[in-house]
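Student: Dropping the structure in here first, questions after.
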Amino acid sequence: MKIAVIGQSLFGREVYRELLKEGHQVVGVFTIPDKNGKADPLGADAEKDGIPVFKFPRWRVKGQAIPEVVEKYKALEAELNVLPFCSQFIPMEVIDCPKHGSIIYHPSILPRHRGASAINWTLMQGDKIGGFTVFWADDGLDTGDILLQRQCEVLPDDTVNTIYNRFLFPEGVKGMVEAVRLIAEGNAPRIKQPTEGATYDPMQKKENAKINWDQPAEDIHNFIRGNDKVPGAWTVVDDQQLTFFGSSFTRNGPAPDGQPLEIPGASRPALVTKTGLVLFGNDGERLTVKNIQFEDGKMIPASQYFKTADSAALQLSEEEQKVSEEIRAAWRRILTNVSEIEDSTDFFKAGAASMDVVRLVEEVKLKCNGLQLQNEDVYMATKFEEFIQMVVRRMRGEDGEEELVIDYVEKEINNMTVKIPHQLFINGQFMDAEGGKSYDTINPTDGTAICKVSLAQISDIDRAVAAAKEAFENGEWGKMNPRDRGRLLYRLADLMEEHQEELATIESIDSGAVYTLALKTHVGMSIQTFRYFAGWCDKIQGRTIPINQARPNRNLTFTRREPIGVCGIVIPWNYPLMMLAWKTAACLTAGNTVVLKPAQVTPLTALKFAELSVKAGIPKGVINILPGAGSLIGQRLSDHPDVRKIGFTGSTPIGKQIMKSCAVSNVKKVSLELGGKSPLIIFHDCDLDKAVRMGMSSVFFNKGENCIAAGRLFLEESIHDEFVKRVVEEVKKMKIGDPLDRSTDHGPQNHKAHLDKLIEYCQTGVKEGGKLVYGGKQVERPGFFFEPTIFTDVTDEMFIAKEESFGPVMIISKFNDGDIDGVLKRANDSEFGLASGVFTKDINKALYVSEKLQAGTVFVNTYNKTDVAAPFGGFKQSGFGKDLGEEALNEYLKTKAVTIEY
């Protein structure tokens, strides 16, 4: 189609570019005249492409079209006019001229907010839904028939800039292109605008952007954000006009400490605090503004209002002087109307506009090795000298957010360079433990030290809890929209996937996990877990509940599902990353902050995870990782008054101690995933080949270091001998070796103390009369390797029949053919109830057994088949509470009932 593009701005330019990509012929571009010698982006692009560009200062005089302007337009013979953003009045002779007429982009859901300040009014009136309309132009003001509309959620702290950049700009470009496509195909609708809900809102200008303080805080917040950045909501303090930017609304809660600032007309003094300027409405609620701009254009952080001028000017190095001159040249290119850029030259007073801010930020990024400034930084340093000082401080790392500094341990292993953090991770930074205390973490494959790891002390634990508490109560995490929190968790999962091979390699050398298993399960399921729970972030919701009415009044009761606060998580060594993911993903999804203690013997993937969390944009203090002794860290977290929840996976005796400490300290919420002795019942009518294969997996998976491992196999007598024979044959085929070798089936046990316990466990089994059919001893090679082991003739009173080995030890007992209730009684005769399994082709038998088994998980004709969507957790002394699935969220949420009478 032959199209005339009429408009201006970056938005107009992007629509123009996309129309060319679609194959349309742009016959002409009509834009505004150059300003201070600078062409509008739309016109500049079209001129480069050789498209005819017209820069009429006006199309009409005294309400009448200028004939020569109209003739120049008509000569192009356009079939459609596209007006992506146009500040000029276009005569109807031009609007109606093309075959298909004209379409216009408008940034509101028409008929609401007609007029030139639609985005401002969407926010000022507190609309929950925003969006844009592409409509057919007519002789009214934004009254033409609707072609298409797109909606978006308006976030509580959205400003004109944020909603524009997040949705109205990118989706608006797509919407304009789609509208043209529909017209070209002959499918474009014409829907009459409804009269109901129609509004026309006047244009927002500086003179009518003065704040009215006699209204609720939320209305003041909406007014400020609705005028952010243009024209800027303002008030007068000490005979000086102050303009406010970056408002956030805080409902309820005590006001923070701060220095009072009297504001004429306000219900109470504002407070200058470390987080910004706290303002109050006439309802006593509060809002906080981040930045203040003075009449001369200078912007400062609101928290700095009472502070003295910046410290003495920096002395620039020779290299920094070169950067300064390059930036001076960039200012000169932007401010073409200024003959010389002096140190005192003010960017905005010299004629710069908001579009020039974007350009300057990009120029600095190009000249300063990717240094990323924000638009606000330009407003806060408007004079050239101030701007250079700010840029140099950023380049030196003296200003802005603290840079993440990591003292990596680097290893050339598994055909890659592995970079491993080894310090405590507290409040978004890696740091040494108090006193520089550390310990060696050991590679179980050969018994050598991988690296020194910081050993957390009491003061470190308290510092981490304080950081988590601050992040929860005052940080961005607690204010964040749940959907935005989900985006961060998705990003974290993506980064874990990008580093999957590195994480799996670290897991292999630190825990002994076979690399191929680490890729699929240890790391792969961790990624799946974060993705699954990221999707839950914006789906946590309460209920409305019918209650008896207090007649003649009425009542409404609803529930809120709220995060608990600071959560302590203590995880075991068998799946170091996966156990972190199972608990932490649900915890973060619910909106909590976390202090996590990895197992002392396997801390490295947790620390690598901490690094990735920073790169994903998780705010500081939300995640804290403390390697060290469980007796110190776990106990302190259980006792700490600011920790409100403990999630623990580990042994039953330690779980009991944690539960006791949580009760005595502050009655913390607790979830426990403890020991197991999971029974696997195999009936004679099973698929024996599958039962042998899955039976081996149930015991030897991950070297037996598996909380749900089948701790005891009950075999129906008629298949006992054949089953044992086949299992022994298959075990002999298993390759024991280096976990990084892709052909290895069975790697080393996790650590030396565990290996010694396995040796002792098997010696006890032999002493009590168990028949050691295979294995039972350490492999004669360096490292902590233990042979896959098989015991038969194990009777119910034996130690190995009751206690879990947590290793590759298969315990086999017989039961009489057909004695279903008898074997169920034996299987349930345990204080544990984590998992269980049954193999049979008889569906009635399978359902009966699954009903009667006293375990949190029952596998039928399979084993180890866990999934991120299925709840996981035990009965009896295997603990309580669930990991995974929707139920896991309950462990990290509290329910509040709210009853209203009206």
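Every residue, even glycine, has its Cβ placed from backbone N, Cα and C.
Found this in Swiss-Prot, in case it helps:
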type     : residues                                                     : note
REGION   : 1-310                                                        : region 'Hydrolase domain'
SITE     : ASP142                                                       : site 'Essential for catalytic activity'
DOMAIN   : 318-395                                                      : domain 'Carrier'
MOD_RES  : SER354                                                       : O-(pantetheine 4'-phosphoryl)serine
REGION   : 417-902                                                      : region 'Aldehyde dehydrogenase domain'
BINDING  : 571-573, 597-600, 630-635, 650-651, 673-674, LYS757, 804-806 : NADP(+) binding site
ACT_SITE : GLU673                                                       : active site, proton acceptor
Student: How many neighbouring Cβ atoms, not counting its own, are there within 10 Å of the Cβ of LYS597 (NADP(+) binding site)?
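Tutor: Its Cβ shell of radius 10 Å holds 27 other Cβ atoms.
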Student: For a quick check of understanding: among the binding-site residues ILE571, LEU632, which residue's Cβ has the most other Cβ atoms within 10 Å?
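Tutor: Result for the most crowded candidate: ILE571.
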Student: Take the C-alpha atoms of ILE571 (NADP(+) binding site) and SER354 (O-(pantetheine 4'-phosphoryl)serine) and report the distance between them in angstrom, rounded.
Tutor: 51
Student: Whole-number answer please: how many Å between the C-alpha atoms of LEU632 (NADP(+) binding site) and SER354 (O-(pantetheine 4'-phosphoryl)serine)?
Tutor: 55
Student: So among the recorded positions ASP142, GLU673, GLU804, who's got the most Cβ atoms within 10 Å?
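Tutor: Of ASP142, GLU673, GLU804, the one with the most crowded Cβ is GLU673.
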Student: Please list residues from the chain of SER354 (O-(pantetheine 4'-phosphoryl)serine) whose Cβ is under 8 angstroms from its Cβ, counting only those at least six apart in sequence.
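Tutor: In sequence order, the residues whose Cβ lies under 8 Å from that of SER354 (O-(pantetheine 4'-phosphoryl)serine) (at least 6 apart) are LYS229, VAL230, ASN375.
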Student: Just the number: how many Å between the Cα atoms of GLN635 (NADP(+) binding site) and ASP142 (site 'Essential for catalytic activity')?
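Tutor: Counting only the Cα atoms, the answer is 66 Å.
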Student: May I ask you to report the DSSP-based helix, strand or coil state of SER354 (O-(pantetheine 4'-phosphoryl)serine)?
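Tutor: Looking at the DSSP assignment, SER354 (O-(pantetheine 4'-phosphoryl)serine) belongs to a helix.
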Student: In three-state terms from DSSP, label GLN600 (NADP(+) binding site) for me.
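Tutor: Once the DSSP labels are grouped into three classes, GLN600 (NADP(+) binding site) ends up as coil.
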Student: Return only the integer: C-alpha distance in Å from GLN600 (NADP(+) binding site) to ASP142 (site 'Essential for catalytic activity').
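Tutor: Given the Cα positions, GLN600 (NADP(+) binding site) is 66 Å from ASP142 (site 'Essential for catalytic activity').
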